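Some notes on the structure that comes next.
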C-alpha cells in the first residue's frame with residue numbers, strides 16, 4: 001500500500017530519508033546457505049557512492065553497510081536480512097531556504113499535495129539517496145544469480161546529452177568515472193561536464209543494462225510479464241522518465257520482416273526483442289535502456305511559488321550531480337538483478353520440474 005516494497009518471492013523493502021539518521025532495508029526470500037559478507041555488498045555501494053569524482057555531488061558519504069540479521073557464520077540463514085547505512089555528511093542548513101518554497105522540477109510540490117507536509121532536507125524520501133539500499137539489496141541478488149545460475153548483470157552509460165557512447169569494451173566501464181565503455185568519448189564527456197559546471201546547469205543521460213545467461217522461461221503471463229516488471233523496477237529509479245526493452249521505440253520505423261528475431265538450428269539471429277518474448281525470457285541477453293532527466297537542482301534561476309501561492313524565484317544551493325545518470329548505472333543493475341532473482345525463484349517454485357525438449361542456446 002505504501003509503495004516501499006518490490007518483489008514477491010524476493011522482496012525488498014527500503015526505509016529512510018536523505019538527511020535522516022540512517023537508511024535501511026529488509027530483504028526477504030534469500031535462500032539459506034548463500035555465502036554473504038558486508039564486503040560482498042560494499043563493492044557496488046562504492047560504485048554508487050557520492051563524492052567519488054568531480055563529476056558528481058561532493059556530499060561525502062562512506063556508505064558503509066551493516067548486516068543486522070539473516071546471516072550467521074558467513075552464510076544466509078533463509079530469514080529476513082536487515083541492512084543499514086548511516087548518514088554521516090548531511091548539511092541540512094543548505095535547505096533551510098526552501099522550507100516554504102517548491103523547487104521546480106522536484107517532488108516538493110507533489111509530496112506537499114499528497115501528505116500535507118514534507119521533509120524539505122535534501123528531498124527527504126524522494127531523494128536518490130534512498131537508492132543506496134536498492135544497490136545493497138541488488139548486490140545480494142547479483143551474487144545469487146551469478147553463483148547459482150551464471151547470470152551476469154552489468155550496465156554502462158550509453159549517452160549524456162548529445163554524446164553517445166558505443167559498447168566497445170566492457171572492461172573500460174570500471175576504468176573511468178562515467179561508466180563509459182567507449183574510451184574515445186571520455187574527453188567529450190569531460191568537456192561537457194566542465195561546461196555544465198561553469199554554467200551552473202545540468203544534463204540528461206541514457207543508461208543501458210544487460211543481463212547475460214538468463215535462463216529461458218522467466219516471467220508470468222499478462223500482468224507479471226518479465227518486461228513489465230523490469231519496466232516497473234527501472235521506472236521507479238529517481239529521475240527516470242522512460243524505459244526501453246530491446247530496440248524499444250526504434251521498432252516504430254521497422255518492418256515485421258526486419259524486427260522479428262528469426263531462429264535457426266544455431267539459435268536466434270538477432271535480439272531486437274531484448275531477450276523477452278511474450279513477457280517471458282528467451283534465453284538471449286536481456287537488454288534495457290533508461291532515460292534520466294537532467295536534475296532540477298541547478299544554479300540557473302527558475303520561477304516557482306511558495307506555500308502561499310506567491311510567485312518567487314529559485315536558485316538551488318547545496319551539493320548536487322550535474323548529471324544524475326552517471327551514478328545511476330549501479331542502481332539500474334541492482335533493479336534488474338532484483339527482478340530477475342524474484343522471477344527465478346517464482347519459476348523454480350511453480351515450474352521447477354518442467355523439462356522442455358526444445359533446444360536452448
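Yeah, the Cβs are placed from backbone N, Cα and C, and that goes for glycine too.
DSSP assigns residue 54 (NADP(+) binding site) to coil in the three-state reduction, placing it in neither a helix nor a strand. All protein chains shown were included, and the count of other CB atoms within 10 Å of the CB of residue 54 (NADP(+) binding site) stands at 12. Taken from Swiss-Prot, the feature NADP(+) binding site covers 48, 54.
The FMN binding site annotation in Swiss-Prot covers 125, 126, 127, 238, 239, 278, 293, 294, 295, 296, 297, 319. According to DSSP, residue 297 (FMN binding site) sits in a coil region rather than a helix or strand. Just so you know, the Cβ of residue 297 (FMN binding site) picks up 21 other Cβ atoms within 10 Å once every protein chain is counted.
Neighbour counts of Cβ atoms within 10 Å were taken for the binding-site residues 127, 295; the minimum is at 127. Following the DSSP three-state reduction, the secondary structure of residue 48 (NADP(+) binding site) is helix.
Reduced to three states, the DSSP call for residue 125 (FMN binding site) is helix.
Taking Cβ-Cβ distances under 8 Å and a sequence gap of 6 or more within the same chain, the neighbours of residue 125 (FMN binding site) are 16, 17, 18, 111, 119.
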